[in-house]
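J.: My structure is below; once you've seen it, I'll send some questions.
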Amino acid sequence: RGMAALLLLAGLMPAGAASAAALPVVINTWAFRTAAETAWRVLELGGSELDAVERGCGQCEIDQCDGSVGYGGSPDENGETTLDAMIMDGNTMEVGAVAGLRHVKNAIGVARKVIEYTKHTLLVGESASLFAVRMGFPYEDLTTQKSLSLYSEWLNQSCQPNYWKNVVPDSSKSCGPYKRPEKVTSAEQTSSQRSFHNHDTIGMVVIGVNGTVASGTSTNGAIHKIPGRVGDSPIAGAGSYADSTAGGAAATGDGDIMMRFLPSYQAVEYMRMGTDPTVACQKVISRIKKHAPKFFGAVICASTTGSYGAACNKIPGFTQFHFMVSSPLLSRPTEQVVDCI
């Protein structure tokens with residue numbers, strides 16, 4: 001098997017060689033170790049790159065990684081948890097995605113079924129749930145004691161923080177229902193402080209032994225989001241992007257800002273032009289920074305040769321970004337860290 005040969009070769013390579021690159025490689029956002037291990041195991045057992053992405057991100061849905069992936073986390077303004085996910089096949093350029101998915105836990109699994117059983121790319125809301133049920137997924141409650149308590153705490157704190165602006169009553173002091181003021185004053189935008197520990201997405205890129213690329217994401221979105229809000233995660237080119245002729249990328253962070261720049265698509269295009277993955281990631285972050293210097297976010301990048309990198313935007317409380325890498329050059333899935341720029 002090619003894998004065994006690669007593992008033998010890997011033994012001859014200096015551990016710290018900067019240019020060291022080998023296939024296959026699995027890279028994912030944050031220190032989500034079980035997700036990395038699950039994806040790597042799928043590859044070792046002969047599963048496809050798409051299988052590895054689906055199972056790796058699905059592991060985070062089960063583990064409720066950081067409370068920001070899967071059921072029972074990030075309740076919206078109505079106290080409901082809804083899920084967003086996507087998966088992309090870098091060979092066919094097919095994408096399957098779901099957004100605002102209710103009552104179904106395995107969001108990335110449903111996204112995969114969108115590729116396999118429909119000619120569509122993105123299904124949303126309750127209709128996406130009905131599709132999931134047709135595909136055999138159980139319909140169940142995504143609310144838990146934890147998400148209910150997060151919701152009631154938030155209500156008790158006068159619904160702070162939230163995502164409204166320029167409304168009455170004043171959204172920085174009180175709960176809604178909000179409406180447009182009679183006459184709009186040019187009120188300066190109040191940005192309520194949000195926790196940087198709301199690691200809001202698992203994003204994963206898998207590059208197989210033949211250089212085939214797949215990518216995916218899964219999230220329960222921004223905590224206390226306005227119902228109906230969709231972030232970058234399920235949007236192809238924003239949350240993640242895969243192209244087997246160039247590489248793959250995935251983003252994490254403030255989706256409302258990041259999705260406007262299609263960071264994952266841009267990073268893959270930089271790599272297509274021969275840019276090193278680390279530099280590709282940095283260029284993407286710098287571009288967003290020009291418009292939103294204080295945005296919270298990070299990007300991971302991997303090229304078809306197996307070289308990889310990551311970058312993040314430096315803000316108070318977020319100066320380093322941790323991510324996971326699995327490759328034949330590492331004895332096990334390994335947490336790596338980059339300094340933010």
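Cβ from N, Cα, C; glycine included.
According to TrEMBL, the signal peptide annotation covers 1-20. Per TrEMBL, the feature region 'Disordered' maps to 171-194. For THR201, the entry in TrEMBL reads active site, nucleophile. Under the heading substrate binding site, TrEMBL lists ARG229, VAL230, GLY231, ASP232, THR252, GLY253, ASP254, GLY255.
What's the neighbourhood like for these features in this structure?
T.: Listed in sequence order, THR29, SER68, VAL69, THR217, SER218, THR219, SER233, GLY239, ALA250, ALA251, THR252, GLY253, GLY255 are the same-chain residues six or more apart from THR201 (active site, nucleophile) with CB atoms under 8 A from its CB.
Every protein chain shown contributes to the tally, and the Cβ of ASP254 (substrate binding site) ends up with 22 other Cβ atoms within 10 Å.
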J.: Let me know the largest Cα to Cα distance in Å among the substrate-binding residues ARG229, VAL230, GLY231, ASP232, THR252, GLY253, ASP254, GLY255, as an integer.
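T.: About 16 Å separates the two most distant Cα atoms.
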J.: Taking the Cβ of VAL230 (substrate binding site) as reference, which residues of that chain separated by at least 6 in sequence fall under 8 Å from it?
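T.: For VAL230 (substrate binding site), the qualifying residues are ASP84, ALA99, GLY100, VAL124, GLY221.
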J.: Measuring CB to CB from ASP232 (substrate binding site), give everything in the same chain under 8 Å that is also at least six residues away in sequence.
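T.: Same-chain residues close to ASP232 (substrate binding site) (Cβ under 8 Å, separated by 6 or more) are ALA238, GLY239, ALA251, GLY255, ASP256, MET258, MET259, PRO263.
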